[in-house]
Each structure stands twice: as C-alpha cells, then as structure tokens.
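Undergrad: Take a look at what TrEMBL says about it:
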type     : residues                              : note
DOMAIN   : 59-205                                : domain 'Lactate/malate dehydrogenase N-terminal'
BINDING  : ASP95, ASN158, VAL182, GLY183, ASN184 : NAD(+) binding site
BINDING  : ARG145, ARG151, ASN184, ARG215        : substrate binding site
DOMAIN   : 209-380                               : domain 'Lactate/malate dehydrogenase C-terminal'
ACT_SITE : HIS240                                : active site, proton acceptor
Amino acid sequence: MPLFLSRWSHGYFYSKSSDWKIIVKSNRFPIGDPYLRFYLKFVRGALHLLNSKMAEPIRVVVTGAAGQIAYSLLYMIARGEVFGKDQPIVLHLLDIPPMVGVLEGVVMELADCALPLLVEVVPTTDPAVGFKDVSAAFLVGAMPRKEGMERKDLLSANVKIFRTQGQALDKFAKKDVKVLVVGNPANTNALVCSSYAPSIPRENFSAMTRLDQNRATSQIAAKLGVPISAVKNIIIWGNHSSTQYPDAGQGKVTANGTVKSVVDAINDNGYLQGSFVETVQKRGAAVIAARKMSSAMSAAKAACDHMHDWWNGTAPGQFVSMGVFSDGSYESPKDVIFSFPVEIKNKQWKIVSGLTLSDFAKTKLSVTGKELQEEKDEALSVLDSNVSNL
C-alpha cells in the first residue's frame, strides 16, 4: 500500500502505511516552531523516498488455473517466490467454463491464505480479461494426450487452444510479457502460441524443461550424496519428451570445499549415458504410474524456478535450461523451440556457446531435434494459412 500523509487528529500527526505509522504529538511542537517545520519537511521527504521505491503491482496470468499444477503454482507466485518478496501481485486465473465452480474454490483458498503481496485475484473464462495488461503468463492449461490419440490429433487440439491464447496475448498483454508454456507438448505449443502473437518478440516465449533439469540435478546429487545446492549446470537439450537429452557433461559439484566436474566426481560413463538418462527421460511416466496422476507439485516448483530466473537473472558462471527459439546452435534445427543451456541478464536469455559435446551427446541432440522438426511440420499442417511467421 502507498504511504501517505493523512491528517492532524486529536493533537497528533499521523503518517500511515500497511506496516507502520509515525506519530508526532502537536502540543510538544507549536505549529510555528521551526523545529516542527523542519521535522515535517524531513518526514515528508522520507515518505516521498519510500513511496518512490515501492513496487507497483504486476499482473500475472495462470491458465488452467483450476487444475492440479496451478493449485500449487498460484500459492508460490502469490507468496513472492517468483517475482520477489517486495513485488505486489494481481493474479489472473483463466480456465474453461466447466471449471468455474472449482475456480471459485481456488479464489476462496487464496483469500484464506491472507498473503500480503496478493493485491487482487481476477478469475475469468474470458481470454480478453485473463491476458489484459499481464507482465508474465504461465500457460499451464492444455489438452492432455488420451489413450489411442495420435500425436497429430494432440497437436491439432492444442493448436486451437494456443491460437486463442496467442491472439489474446497479442491483443491484450503488455508487449514485454514473458510467456512460459507448461502445457504439453510444451515446445511446440510455445511455437504455435508465438506464431499468433506477432507483436510480441518471439524471444519472450519459452517452454518449460526446468522440471527435467530439476529431476536430473536431484539424481546427480543423490548419486554423489551431496545437497541439491551443491550441483550446478546440469543441462536438458531438445524436447520436453522422452527424446530429451539430460546432460551432466557440463555439470559442476562442490564437495568438501572443492569444485569438481560431475563426470570426474561420478567416474562412471556407463551410468551417465545409461540409467541416469533413462531415469530422467521416463520420470514423468514413473510418477503417473505411482500416483495415477501426472506431476503437479514438482511441475509447479519448476515453473516458478524457470520464471524466477528469467525475471531475476542467473548467477555468474551458472546456466539453466529453457526451451527457446533455436538459432541453429549445436546443429539443432532452426526455428523450433529447443531446450538449451542459457544465461540470463536483465530479463534477456542468451544461449551458452562454446560447450564441447561428446559424440554420444551429438547423437542424442540429433534425435530430439528430429522429433521437434516433425512436431513443427505437423503443427504447421493444421495452422491457419495466414500464419506465415514460422
């Protein structure tokens, strides 16, 4: 809440905010007293300075807001884990009409959390309202793949969803909006969404592979018996699918005050090229088999990590995995959304260049790149003929 000079009342001068107030009892300083005039001038100056530093609320939309992932994600965003502990938030909750009843319950729970940073909640089924003036978008809602559904059928269903959302972003969102696509197939959904939002730079669209990175980092930390925080620079290359390549080849681990490469620390290429890769690739399916539902809590945490680093930047010498538009780096197909290691500064990502890849890694990148090109071609076959910026 903004600070303001309110009034004289019952011999006291009040200055209020949501957290504190300054009180000066007037009968101790006569109105004409120069000390009082100096004091009031000082207080006004201090309050003006504080006011100038208080952040304005930003609007953030989460689609599929009545779903499992959003149930964890909304709380994390609203308590300041993504945009900062001093950044007020207006949450836009967008979902389809059949989910309105559930959405009402989510709104009630957010209110009951009594979160200081949550200024307003806007539940809606209208994309025009959902994307109005948003600075960040978490596109969680998507058509899940059903039994017997061909990939082209899945892509066709999701083209309709992400066409609508891309058009709404183009028309109503801020032009510097950061768009994170979580709903699968995330890479190609991000590609489609961007194609319908030509006024927004395509660098502002990304697909989430941070969940895969977090899974891979966790596996390496467990293998070495070190905390998660001790492992850095594990990479996910390519598609958020079973063809992705989890790469520990560039990873670093800190143990007993010494920094070593993950490859040297583990000293087992059979593991790094075998069960490690397979475990991460198939982790989503393993979660579904165990809990009879897809990953939700971990996906929400990954979405927060992804947007947090995009918003706030990466530490020097560290990089993270993001699905972004390919420029052909590392012989990847151009103009698909491909997961790369990136460094981020001033909300702008940059693909990490100059990394040395093994022949094994190059083969894996070729496989996942081929799949992404096929997905793009299939998506193009169902896109509107007037969309030409792919």
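Yeah, the Cβs are placed from backbone N, Cα and C, and that goes for glycine too.
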Undergrad: Between HIS240 (active site, proton acceptor) and ASN158 (NAD(+) binding site), what is the CA-CA distance rounded to a whole number of Å?
TA: 16
Undergrad: Within 10 Å of the Cβ of ASN158 (NAD(+) binding site), how many other Cβ atoms are there?
TA: 25
Undergrad: For NAD(+), with binders ASP95, ASN158, VAL182, GLY183, ASN184, what's the maximum Cα separation in whole Å?
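TA: Max Cα-Cα spread across the NAD(+) binders: 16 Å.
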Undergrad: Test of understanding: give the count of other CB atoms lying within 10 angstroms of the CB of ARG215 (substrate binding site).
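TA: A 10 Å sphere around the Cβ of ARG215 (substrate binding site) contains 21 other Cβ atoms.
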Undergrad: Based on DSSP, tally up the residues of the domain 'Lactate/malate dehydrogenase N-terminal' (59-205) by helix, strand and coil.
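TA: Helix/strand/coil tally for the domain 'Lactate/malate dehydrogenase N-terminal' (59-205): 67 helix, 27 strand, 53 coil.
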Undergrad: Measuring Cα to Cα, tell me the gap between ASN184 (NAD(+) binding site) and ARG215 (substrate binding site) in whole angstrom.
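TA: Spelling it out, the Cα of ASN184 (NAD(+) binding site) and the Cα of ARG215 (substrate binding site) are 17 Å apart.
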Undergrad: Please report the number of other Cβ atoms within 10 Å of the Cβ of ASN184 (NAD(+) binding site).
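TA: Excluding its own Cβ, the number within 10 Å is 20.
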Undergrad: Rounded to the nearest angstrom, how far is the Cα of ARG215 (substrate binding site) from the Cα of ASP95 (NAD(+) binding site)?
TA: 28
Undergrad: Using a 10 Å cut-off, grab the number of neighbouring Cβ atoms around the Cβ of the residue listed as 'active site, proton acceptor', all chains included.
TA: 29
Undergrad: What are the sequence-distant neighbours of GLY183 (NAD(+) binding site), meaning same chain, six or more residues apart, C-beta distance under 8 angstroms?
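TA: For GLY183 (NAD(+) binding site), the qualifying residues are THR63, GLY64, LEU139, VAL140, GLY141, ALA142, MET143, ASN158, ILE161, ASN189.
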Undergrad: Between ASP95, VAL182, which of the binding-site residues has its C-beta surrounded by the fewest other C-beta atoms within 10 Å?
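TA: Looking at the binding-site residues ASP95, VAL182, the Cβ with the fewest others within 10 Å is that of ASP95.
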